[in-house]
Structures are given as structure tokens and as C-alpha cells.
Amino acid sequence: MSGKRLDGKIVIITGGASGIGAESVRLFTEHGARVVIVDVQDELGQNVAVSIGEDKASYYHCDVTNETEVENAVKFTVEKYGKLDVLFSNAGVIEPFVSILDLNLNELDRTIAINLRGTAAFIKHAARAMVEKGIRGSIVCTTSVAAEIAGTAPHGYTTSKHGLLGLIKSASGGLGKYGIRVNGVAPFGVATPLVCNGFKMEPNVVEQNTSASANLKGIVLKARHVAEAALFLASDESAYVSGQNLAVDGGYSVVKP
């Protein structure tokens, strides 16, 4: 489909300062959206907004584990632009790989607080804003192949993403009567700062590892591929799609369950 697929849409992207989030900010604004970048990485987030143009993107500091800050981020967006059409809840963390015998419960709590509870808070307040304005909006959440397959990521991360998939399904059921869609986008291993730092690997090593275990050969998974899937779910092209988890994994989760 040609043309600007989010023309006139107002979007919040959490975790928008780097990685998949930053790539999505760029792609969404290319397609006509005005985006509020939500993150705790202030310098990076502000730099992304400036590089795109502050008429198209703005930055708002928000810790997703703090519900008051989440509510304020949504209020900021609605006050600035008059509405909210799309939430791309992408903020997340990944803890170190350890045996379940050595599981650090503090790390587990932090991962779940950001990846799952933070997303729940944003869905709650974004949906409220959409309902109040009569917006038939779209909510997209970054899940993972780890949302359905164990053994590909640390225990806390895997647990949080399994829970997030349940939240997506539950929220889609509760928000359908308002015309609000809720979906997930589930990438395989992308060489983002989050993954590289979490696994202590250089980007080329992450890509080599992903390509070696991938089902689909001859292509390297990039953040742009995930952003393009999120764009589809955010746009009206997916107008009758809700409660789904769109895998961007080259068939990995199908052939290696």
C-alpha cells in the first residue's frame, strides 16, 4: 500500500529512544504520524526527536513502572495534540542469563515491572484517552519469540513476555466494544542495544547467532523489519486484526517450538 499510512495519527512509542523504538519513531513519522517518544534515556530520546524534526516528534521522560508518570505521559500527548490514536508499547529490559537454581528474584521483579506491569499501565491510560475521545485506536505491544517458546531468553524475560501475551488477549477482549484493537509484534533476536547489552555481545555477533539458528536464510533480521510489522498493526490496514501476536521471526517459532 502506497502513501502515508499513519497520516494525521498521534502516536506514543515507549522505549522510543533506541533500538526498535527509535526505528519505529522514524518509520511512523515518515508515514505522517506525530510521535511522542517516551523513555528514560533523556539525551538519546531528545536526539531522536531533534533528528526527525520537533514538528513531527517530541520527547517525554517517563518511567513505565510509575503509573503517575504513565498517566502524565498520556495527558501530555492529548494536551499537545488533542487526541491519541496509537500506542506502541515497546519499552522493555532483559536480565542476565542464569540457571533457574540461581534465579535473582529482585531481577525477576524488575523485569516483570517494566515489561508487563508497565505495559499494563500504558494500555490502561492510553485506552482511557481513546475511549474519552471516541477514538477507534490501535495498541501494539512488543512481545518476543520468548512469549511462546522457552529456552530462548532469561527466565524473567520469558515469564514477562508470556504474561504480556495474555494481557494482549485479555485487553483486546475488553476493548473491542470501543473499537480499540490490541496486538503484539514478536521479534526474533535483533541486534538492538537492549539485546547486545543484555547478552554482552557485539551487534555482529548477535546477528550471526540469530542467522545461524534462523529458519529463514539469506536475510538478517533488523529493527526496521519489526518496525514495519508494528506499522501494519498500527495502521488501518489491520483494521479487523485484534488479539494477535505477529511473529517477525522468519518462521522460527513454527519450526522450532
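The backbone N, Cα and C atoms fix where each Cβ goes, and this holds for glycine too.
Copied over from Swiss-Prot:
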- Y157: active site, proton acceptor (ACT_SITE)
- 12-36: NAD(+) binding site (BINDING)
- S144: substrate binding site (BINDING)
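Shown here: features listed in Swiss-Prot, placed on the structure.
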residue	record	contacts (Cβ under 8 Å, 6+ apart)
I12	NAD(+) binding site	V35, V36, V38, A73, V74, T77, L84, V86, L87, F88, F122, A126
G16	NAD(+) binding site	A22, S24, V25, V35, I37, V38, D39, G45, V48, F88, N90
I20	NAD(+) binding site	N90, T142, P187, V190, T192, A223, V226, A227, A230
F28	NAD(+) binding site	L6, K9, V11, I13, V35, V86, F88, A227, L231, A234
G32	NAD(+) binding site	K4, R5, L6, D7, G8, K9
S144	substrate binding site	T152, A153, Y157, K161, A186, P187
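Counting every protein chain shown, 31 other Cβ atoms lie within 10 Å of the Cβ of S24 (NAD(+) binding site). Classification of I12 (NAD(+) binding site) by DSSP places it within a strand. The 10 Å shell around the Cβ of V36 (NAD(+) binding site) contains 26 further Cβ atoms across the protein chains shown.
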